[in-house]
Amino acid sequence: MAQRWLWMLVPWRGGWNLRSKAPGQEEERHVRANDRDYNERFSYADNHIKTAKYTFYTFLPVNLFEQFQRFANAYFLVLLILQLIPEISSLSWFTTIVPLVLVLTITAVKDATDDYFRHKSDQQVNTRQSQVLIKGKIQNEKWMNVRVGDIIKLENNQFVAADVLLLSSSEPYGLCYIETAELDGETNLKVRQALTVTSDLGADVSKLAEFNGEVICEPPNNKLDKFIGTLYWKDNKYSLDNEKMLLRGCILRNTEWCFGMVIFAGLQTKLMQNCGRTKFKRTSIDRLMNTLVLWIFGFLICMGITLSIGNTIWEQRVGRDFWAYLLWDKLLSSPVFSGFLTFWSYIIILNTVVPISLYVSVEVLRLGHSYFINWDRKMYYSRKDTPAEARTTTLNEELGQVEFIFSDKTGTLTQNIMVFSKCSINGKTYGDVYDDFGHKVDITEKTPCVDFSFNPLMDRKFHFHDSSLVEAIKLEEPLVQEFFRLLALCHTVMPEERSEGELVYQAQSPDEGALVTAARNFGFVFRARTPETITLYEMGQFVTYQLLAILDFNNVRKRMSVIVRNPEGQLKLYSKGADTIIFDLLDQSNEELMYTTSEHLNEFAGEGLRTLALAYKDLDEDMFDEWMKKLLFASTSLNNREESLGALYEEIEEGLMLLGATAIEDKLQEGVPETISCLTLANIKIWVLTGDKLETAMNIGYSCNMLRDDMNEVFIISGHTLLEVQRELKNAKERIMGPSRDRFSSGQDVGKTDMYASDSVFEETIIAEYALIINGHSLAHALEADLEQILLDVACLCKTVICCRVTPLQKAQVVELVKRHKRAVTLAIGDGANDVSMIKTAHIGVGISGQEGMQAVLASDYSFAQFRYLQRLLLVHGRWSYHRMCNFLCYFFYKNFAFTLVHFWYGFLCGFSAQDVNEQYSLRYPNLYRPGQLNLLFNKRKFFTCTLQGVCTSFVLFFIPYGAFLSAVRDDGSHITDHQSFAVTIATSLVIAVSVQIGLDTNYWTAVNHFFVWGSLAVYFAILFAMNSDGIFRIFPSQFPFVGTARNTLNQKSVWLVILLTTVVCTMPVVAMRFLKTDLHPTQTDKVRLLQQATRRQSPQEQNLRRVRRTSSRRSAYAFAHQQGYGELITSGKNMKVHTSSTSAFPGNSLGRTHSSSSWIESMLKKRGDSNSAVEAEETTDSGITDQTRVDVLSEHSLETLYTN
């Protein structure tokens, strides 16, 4: 299952720019059905997918070429060549070639393994079977062999292999149902309908084989919701739009079969056009290391030049006195040429200043961090047996530097499950559970559920915990029964009975499915519908209602109603919708009940539930007949039809009687609000990018506490033109910053005012809290070059940003915008194919193995099962990885400079011949994450500090032993100043000094630390004595001639005193500086570490983050669907396989059907909080940088109290 989606990865060769089209792109497409010869003239892409990077023949040259593009590898290759020249090399060539070959081999094996799996996955996808009409017969063909213009057959629950034009289906009128979760994240079904002329082809293979229509349409593009084309057939032309297309990635649902004509295939399908190009991701530390390596290489060149000049001068003035003893050739007697050779000799000798072990050590360190993530049991999801997985080893330290998180909503923040949670009926609430003392208790998995065994058609997956509602149903309370009767009648759900008693509801939105399922379990089972009737199974009896009209939902009405006639002949209007709309239509007699229900709605909304008001009305027969005549006239009118229908709908809906309200829980994943709250305290900005509609996204924002009533203002950008969007963004910026600071105000110089847009410090001074919500069509304009900067300015000034109705490509464009202008580390997290593009674009991509398949996981760098694990991934593993990597690099450069520059100092005397706090406190104090975002622990300043320390250490390591040995003697009075004894003393001092340094850098001592630190000392002495032993001399007499040097040197007390003095002089300044810095200018980490130590001594109980509870009074507007309702489709009967007339049980004749044709109109009620939240700030100094953080009651221990001077 996982591999089938690897085709989502864009090929390594090729790809699409997020902004521009490729040169030479086709202007329009011509496709003729069943004519491959004609279509092949245009060289359209076939359906073959290639994600592999190499072939068997190109692997070695291409891989080596890529590896030697890394500066370090090229540097060591040049070094190896130099070591092969005996005149300049004093080191054996195998000291370089062995590690270089090892690094190249390990990298090549890793690349080959990755590419093997890509080849394997490509093979699985490309060889999947598809039914293609070839030469008048349906034949099984591999997906890779499908061509543009082919007619293919799809069956129920199959994935669509390419972008196809729907020709015919098993459903009436050429209808078919598809699920587009892989495209836009929406799980509700959508309807597609073939042209009437092609739907008549049916499943007749002979007619389909004779079909020779030609389609002229738009070229390949990434617009998922738009298709423009024309079908030419039999001297007629027919308009084509997106409602007649089945896109690759969709799944055919509730449709036995359908036939389609391939329009776009392979890489030219809309889904693949929306996938960003796979990029090689490198961390900021990697980029910094490359810069530093270049600087160090320049420093190495300078040292080589300095020493070569010194050698030239020395040779000219002093060196000629030694020529007779050295027996040099005449060729080498030239001082200038000697200096030239000396330059290259020192390049080789001093190469350890940039050793290849740096890159090997970094990769080993990253690999270890990856295993720590994989082994973390606290990120293991037992329900699905899914551990966390680090799918890359190159980005671990970047996890500790994230500033922006871009998150999908459906399946990432939510479980993509709607649950009927509570309700209010006639002023009484149901859904809460109380104990024996009348106190409300929290509902958990152990809370007993209501017994629905009295209902043979119950849905066993439905759970409800308040038994009093079932008792009210059994007591046949009229209003309670009317409440659930309304839920069972007022909807556009389609039932499917797969077997006796096994009902499956296909809902236009998951909300409607949850409400109809609730009515089903409480005894009002929706069984069947026709264009004229709805059949229920009410408390054990079949009851059929005559459906007279559906007053459909749209975004302006925010409600839907149905008019039915019950078996007793009574006319009833049932309505459900947003409470603000329904309350305006109520009869005056409902005033007291309205206030009571309104309080209940406030309670429901405060818990983050999606609320909905229900009402009904008894209709008069004569009035209804007159209204139907008006409706028939309005529905056939050519002018102002929608306005006339809307007015008529409202006319009959006035004077409603309130029944109550429902509360649906769009179930968040466990721990989402707490995780978002904690990450926000770590100064990480979280933006939600979702394909859902505005109201749904806002509701989740309130549930997650990203939106709150006490925010100063929530800006909603919904303009349809570039000027409208520009005006709305400017107004929002003026409201936040004031008109005088708006850099886009008229007549102002953009350059002079750019400081307000780019100064992140100024953003920190914004105390008020704002939120920005922008629609997809508005975002398309805002991302244009003229507006993208003001969009980014406003977004960064807001605490919360939500982008709704966005396409996969727009998600990637938003991420790219922040990457390009803010230069901050970004992380994208999602679970569906529609998230792949932004996951690839962000610095770090995280995939959640959710309900939308594994495609996001396959494209990600890290994966786990729950959003809440992101908190631990960043604040624990990310922070630790960043700290460890920075400490390692600081120590490594210090050690290398200390070691290498000893040779440099020696050159002047030899004639120029050459840890941290634990995981609980990391989560408890998210502000500890801040240094990573500011890149405080390893930067150019830190590098120069480490370099300076290394230079000073090398100076001490050389000149203290040198000064001491000038007049030192052994115990027997002989000299101790031979070169080998001097070298042993310096080397031993160096190893001990850097071991002490790494001990000072270690925050936690474990058995592993002790083993490697002291073990490295033991290994050093073992190797030292072995290299100076009799045994190694007998084996390699020419390589190891200094027998007994180590033993004779280290048995002298004076040598050990020199070593001790050298180590103390190297170490004491570091100890003193760290002590003074911690005592006088403690960082936040120092404070928390001291608090942790104090807490350990006191052994207090573990403190946990308080659970964030929402106190919003905002009522969640009900999201019926993601598009206009299907009322017209239902009443037309086009989606019904069997048409039945109204039965004789109904008095009177059918009064006809209504036709609703409303269009989308963006209308959103904005509600502002009355009070502003006060923000307190604590300033803590960390390496000279002021860090403002929000003070939250996270622990009973107060840092301010603990560190009061």
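Along the chain as shown, residues are numbered 1 onward.
Each Cβ is built from the backbone N, Cα and C atoms, and glycine gets one as well.
No curator has checked TrEMBL annotations; they are predicted automatically.
Matching 106-128, 382-404, 589-611, 1164-1186 against TrEMBL, the residues noted as region 'Disordered' span 1164-1186. Across the domain 'P-type ATPase N-terminal' (31-97), the DSSP tally of helix, strand and coil residues reads 31 helix, 2 strand, 34 coil. Here the candidates are the binding-site residues Phe553, Gly691, Arg805, Asn834. The one whose C-alpha lies nearest to that of Thr410 (Mg(2+) binding site) is Gly691. Between the transmembrane segment (334-360) and the transmembrane segment (948-969) there are fewer than 3 Cβ pairs closer than 8 Å, counting only residues 6 or more apart in sequence, so the two stretches are not in contact.
The Cβ neighbour count for Asp835 (Mg(2+) binding site), using a 10 Å radius and every protein chain shown, is 34.
Here the candidates are the binding-site residues Phe553, Arg610, Gly691, Arg805, and by Cα distance the one nearest Asp408 (Mg(2+) binding site) turns out to be Gly691.
Taking every protein chain shown into account, Thr410, Asn834 are the binding-site residues, and of these the Cβ with the most other Cβ atoms within 10 Å belongs to Asn834. Cβ neighbours within 10 Å of Asp831 (Mg(2+) binding site), excluding its own Cβ and spanning all shown chains: 31. Nearest by CA distance to Asp831 (Mg(2+) binding site), out of the binding-site residues Phe553, Arg610, Gly691, Arg805, is Gly691.
Of the residues the record lists as binding ATP, namely Asp408, Lys409, Thr410, Glu512, Phe553, Lys576, Arg610, Thr690, Gly691, Asp692, Arg805, Lys811, Asn834, Asp835, the two whose Cα atoms sit farthest apart are 34 Å from each other. Of all the Cβ atoms in the protein chains shown, 23 others lie within 10 Å of the Cβ of Arg805 (ATP binding site). Ranking the binding-site residues Asp408, Phe553, Arg610 by other CB atoms within 10 A of the CB puts Arg610 at the bottom.
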